[in-house]
Amino acid sequence: MAFSLIRKLDPPSRGILSRKAVVMLCSLLAPLILLHLLTDRCASPSLVRGSPRNKRLVSERRAAGHGVAEGAVTAVRAGPTVWQLPEESPAFPPPQDLVVSPRLAGKISPLGEGSKKLPQALIIGVKKGGTRALLEFLRVHPDIRAVGAEPHFFDRNYDYGLEWYRDLMPKTLEGQITMEKTPSYFVTREAPARISAMSRDTKLIVVVRDPVTRAISDYTQTLSKKPDIPSFESLTFKNRTTGLIDTSWSAIQIGIYAKHLDNWLQYFPMDQILFVSGERLISDPAGELGRVQDFLGLKRIITDKHFYFNQTKGFPCLKKAEGSSKPHCLGKTKGRTHPNIDPEVVQRLRDFYRPFNMKFYQMTGRFFGWDH
């Protein structure tokens, strides 16, 4: 009996204690491990399936001893699939001294709230028409956020994909419009179909200008970069004697607005395209900006009070630019002095463009007054 009582009071075996200790330890560590995994997952960048062109560009730059260019992506292999990680970007955009729209008051946070969205509106052309001026003027509006540089997505960088394109955009709040401008879109044959595939509701803005003046301005810009190019007159004609215009020269081709517009109307209705006069953007910037704000469905905040006319440059400037309290004019590359062109050549060009201009007036329902 005594022996039996002693056996009942014996402590549990070491094996039983070990198993209980392991179970208790696991129950304590499991929540910590799960928390760590969730934190690590949230902190990691999202994966985007990469295009062959991206992988090739990245590998070529690294092989040449260069770093990956800004906005490029890094390829990694996960099993049989190659993915790409977007380069890290700052968590929030730099603070800006912006006027806050009344309907956005109280929504803006110093923590950089908002998200990147594909653009709802695009300035698609034309080169040397006044697109830079229009973009800079529009960026004053508190309900517009726009990319400063030209992304050239729908003409040169389409292989990068829409996620790459979206990542270029600034963060916007609810009610704000995301925009970008690339003037070469208007003359790029594939651009209308590509933009329509992104969104059929995209609003398009085209800044047009007297095609003869635009061609001379285009030539002036090229001349500033390549002083040894042939004269404007020699580039204008296939044969000066016959007076046959060389429409293969891009400076001439861009100004055949009716031809390019035909391509866009295959994908977008006319009421989704706004045509801004480059001449009126100089003579009456507030008036043209009023039409643009109406087209975008925004309150007319940009008015005469935002502009002053710079006599030296010969065009309007902003009293206060986006994120600044100082006056702002476009850079020295804008408003270059045009070379003197033979008046006979100018007249030949006016005669060449006249039928195209008349068709363009009929298509748009607006008379621009380029036929002197």
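Note that Cβ sites are derived from N, Cα and C of the backbone, with glycine treated the same way.
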Which candidate, Cys42, Cys329, does TrEMBL give as the disulfide partner of Cys317?
Cys329
Which residue among the binding-site residues Ser217, Thr337 has the fewest other Cβ atoms within 10 Å of its Cβ, if you could check?
Thr337
Gly130 (3'-phosphoadenylyl sulfate binding site), Cβ-centred 10 Å count of other Cβ atoms over all protein chains shown, is 28
Cys329 (disulfide bond) versus Arg132 (3'-phosphoadenylyl sulfate binding site) - Cα distance in angstrom
11
Rounded inter-Cα distance in Å - Ser217 (3'-phosphoadenylyl sulfate binding site), Cys329 (disulfide bond)
19
Cα nearest Thr337 (3'-phosphoadenylyl sulfate binding site) among recorded positions (Lys128, Cys317, Cys329) -> Lys128
